[in-house]
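**Student:** Quick one: this structure, given as structure tokens, is what I'll be asking you about.
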Amino acid sequence: MIKEKQSISIIGSGVTGLSAAWLLRDKYDVTLFEKNDYLGGHTHTHDVVENNKELAIDSGFIVYNEKNYPNLVGLFEELEVETQATDMSFAFSMNQGELEYAGSGLKGMFAQRGNLVSIKHWRLIQEIVRFNKTAHAELPVLEKDKSSEHSLGDFLKQHKFSKDLQQNYLLPMGAAIWSCPVEIMNSFPAYSFLRFFANHGLIDLQNRPQWRSVVGGSREYIRKMMPDLNDQISIKGGVQSVRRDSNNEKGAVEVISGDERFYFDQVIFACHADETLKLIDQPSDTEQEILGCFNYQENITYLHTDENLMPKRKNAWCSWNYLAQSGAKLADGSDESKVTATYWMNNLQKVEAEKNYLVTLNPYQQLDESKVIKKMTYHHPVFDRDAIYAQSRLNELQGENNSWFCGSYTGYGFHEDALSSSVNVCEQLGVIAPWNKVITGSNAEQKVEPQTSLGSAQ
């Protein structure tokens, strides 16, 4: 009896796994495995009731833009997902308002009126302008050697940027974007950092991309997928182990989930790199070398209404708010600051409500428990030199041992990177995403290359 379709297991139901399942559903027998009690991974929408009105508030993936998210735009158009314009303004607050400004034009920069006569603050503005010009000038140089170990810290030291610019502007913004501790940002590869900022208009005062959010919460695109997925794929629970053996007559891939064993022709690991390595029984030396290079930052996240985790001055409130509390001086003279990031969801998602709904990562002070709606734990990849090196070798793994690897760790760590990696793996499995096709004279299909070199942003 001839087997009509190959079977494929997909481990993880974030945008990577869900999109792979959705794209492959016609060509393969697909089984999706997910350990959580919901589908979506960092696509995480919460139902909140206020005055008998239902609100949908996101705490993971929130925004995108059309310039830098070509695959996500294609997917949303294919699914007819409704979106809305939003903004990505940034605010900084030190020591409960001792220093405070918003990066939304001159009015925001002087939200703290005392900054108008502060020489230090005017110098900060001048340095921001100098950093933007320097970044534009140096990017072509760094582009010639993308694999260089030149770090952001090296770049800032080389061009003599002040501690004030670093601690009160650049590093906090990077830490908020990548959901990581501020001290990690200095080791971030300079080229990757500057290229990201350039592509997202963060070193330009004009021509910044228009940001958008999903109407009704980011889960709406999953809801649009589900009718297709429910009819054509099987969904199982978490996975304990994956064994590969091409000589196994039951299937080259054995997936152990709970008390059951499932057999498949192929497996897609659509989960974090470190989780993938733990799941593989007897990983190859190459898998250990490459996947072992990726580290993750745990971020304790709260959905809440406690406004003490926002800038003191309301005219400084922005979509992204970075708060810091200075601490003891370290041996090198630096400040052991406590830091956190708060997202203002009313502004980001256009939520019409009496209360201000906030999402805070790693709060440095205790929240009012009566105002906490939900506590979550997310893990985000850390992009140090080892990770950037490993990214350059990921293609060595694809298809070996009937295994495929994708996830946000393959790019900058964001939704577009996760989706792009899924699209690339599906192409190697013989399926081109519908938004990357054009119909020629016959029924032939030809891939359309996205008009961007980037795959990311929060």
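Using N, Cα and C of the backbone, Cβ positions are placed for all residues, glycine too.
These numbers come from a predicted model, not from an experiment.
Here's the feature list from TrEMBL:
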DOMAIN    16-327  domain 'Amine oxidase'
BINDING   Thr16, Val239  FAD binding site
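Distances, neighbours, how buried they are, the whole picture for these features please.
**Tutor:** Confidence across the domain 'Amine oxidase' (16-327), taken as the mean pLDDT and rounded to a whole number, stands at 88.
In the three-state DSSP classification, Thr16 (FAD binding site) falls within a helix.
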**Student:** Tell me the Cβ neighbour count for Val239 (FAD binding site), meaning other Cβ atoms within 10 Å of its Cβ, over all protein chains shown.
**Tutor:** 22
**Student:** Return the residues near Thr16 (FAD binding site), defined as same-chain residues 6+ apart in sequence whose C-beta is under 8 angstroms from its C-beta, sorted by sequence, else 'none'.
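**Tutor:** Expected: Gly41, Ala270, Cys406, Gly407, Ser408, Ala418, Leu419, Ser421, Ser422.
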**Student:** For Val239 (FAD binding site), what is the secondary structure by DSSP, using just helix, strand and coil?
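**Tutor:** The three-state answer is coil.
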